[in-house]
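Beneath this line is the structure, given in structure tokens, with notes to follow.
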Amino acid sequence: MDTLRSISSELVRSSQLRWTLFSVIANMSLTLSIWIGVYNMEVNSELSKTYFLDPSFEQTTGNLLLDGFINGVGTILVLGCVSFIMLAFVLFDFRRIVKAWLTLSCLLILFGVSAQTLHDMFSQVFDQDDNNQYYMTIVLIVVPTVVYGFGGIYAFFSNSSLILHQIFVVTNCSLISVFYLRVFPSKTTWFVLWIVLFWDLFAVLAPMGPLKKVQEKASDYSKCVLNLIMFSANEKRLTAGSNQEETNEGEESTIRRTVKQTIEYYTKREAQDDEFYQKIRQRRAAINPDSVPTEHSPLVEAEPSPIELKEKNSTEELSDDESDTSETSSGSSNLSSSDSSTTVSTSDISTAEECDQKEWDDLVSNSLPNNDKRPATAADALNDGEVLRLGFGDFVFYSLLIGQAAASGCPFAVISAALGILFGLVVTLTVFSTEESTTPALPLPVICGTFCYFSSMFFWEQLYG
């Protein structure tokens, strides 16, 4: 009961979780619309018999389940080979090849798969033997494909709005799901789903798993690469205009964390500065005993402050190995001139409430180390525990399960499978997900969805024959 209460409270509290569930529902609904409305849940036998075994084809073992198992294993072997090839490119720093691969895959879906779907839809509406209707079909295919393709380019390859990127993620994953439903023979889909379940566990959790190793090299790539492979439910962008209070709380939390990090950094820096100044005093005393600083010396601070921003000067470049008198004298004079310069002190500030926003912005922008100002990488984005992310493959296989459930012709089974997927996803993201590690989002939803589907089918057949 405590677990259920925790799940329900997290579902109520997190707008990211609710938006992710809504996106999954939209993805499954769009897949069903195309799968049923355009293709009438029929497999493309011409394409399917080229690559798979089935009793209705010439190439078959004669056993439906054995054919499905062989097809499923073969599909995962191909997936594994592609994954390890990509892993090799990543490990050996073939960054251009990796980016080109991801880019071409995205463009193929935006222009190729979408155009094929539009062709299959409009060819059923218009008579292809009539020239006028044939030309109308071409126009209705080309124009939407160009608009959709270039819209997707803007969404995936530029700094577009997050909602636009999410829309194209949902539609692209639906197109891929329908393509798989059209290619896989009837029972092959179930074997593919269950075998890919174990593959996902290996790829994400095993030390030599492809996704595990790729994450270790994520710091070599810009965070923009994630736009091509992951769905992000960014709460700050998501709630724009709809939940301003929650957004402001998130911004305030970010400011407080930044302030805390800044205080810790300059507290450590002050200790290093004290040690440095002590060395300077010793040098002065060794060269000229009369130059030993007194209590009025600028080197002695009347009141120590936990945070103090000092301008860097050339004396910081002095080392213990420097013994030249002229260099020491130069360092002393530079230090004295530096001490007379303007110093920004924030010793009395410890929380965000004690100063205005502009003062903290200046503090953070001017005082953080250079390493904190580097461009954000994919590793930084993946390690951000405040953003909920799902891989494109998760959306694809959720919809693949729903499409296969719809092929049974039982609406009750489809709804049950969808509820099972959503329940498994909620449990995965609330109970098993942690900020320290990546949690596979495919196994539990597939298990719950499959269980709910077959259970509902069993009860449906018992009740209605």
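Glycine residues also receive a Cβ, built from the backbone N, Cα and C atoms like all the rest.
Relative to the membrane, Swiss-Prot puts Phe94 on the same side as Glu461. Scored by C-beta pairs under 8 angstroms, the transmembrane segment (19-39) has its highest count with 390-410, from the stretches 72-92, 97-117, 191-211, 390-410, 412-432.
In terms of DSSP helix, strand and coil, the topological domain 'Cytoplasmic' (1-18) has 16 helix, 0 strand, 2 coil. Annotation for Asp200 (active site): spatial neighbours Gly393, Pro440, Leu442, Pro443, criterion Cβ-Cβ under 8 Å with sequence separation of six or more. Put simply, of 161-181, 191-211, 390-410, 412-432, the stretch with the most CB pairs closer than 8 A to the transmembrane segment (72-92) is 191-211.
Counting only same-chain residues 6+ beyond the ends of the intramembrane segment (440-460), those with a CB under 8 A from a CB of the stretch are 190, 193-194, 196-197, 200-201, 204-205, 390-391, 393-394, 397-398, 401-402, 405, 408, 410, 412-413, 415-425, 427-429, 432. Within its own chain, the topological domain 'Lumenal' (40-71) has Cβ neighbours under 8 Å at 181-188, 190-192, 403, 406-407, counting only residues six or more beyond its boundaries. Within the chain carrying the topological domain 'Cytoplasmic' (93-96), a Cβ under 8 angstroms from the stretch's Cβ atoms is held by residues 220-221, all 6 or more beyond its ends.
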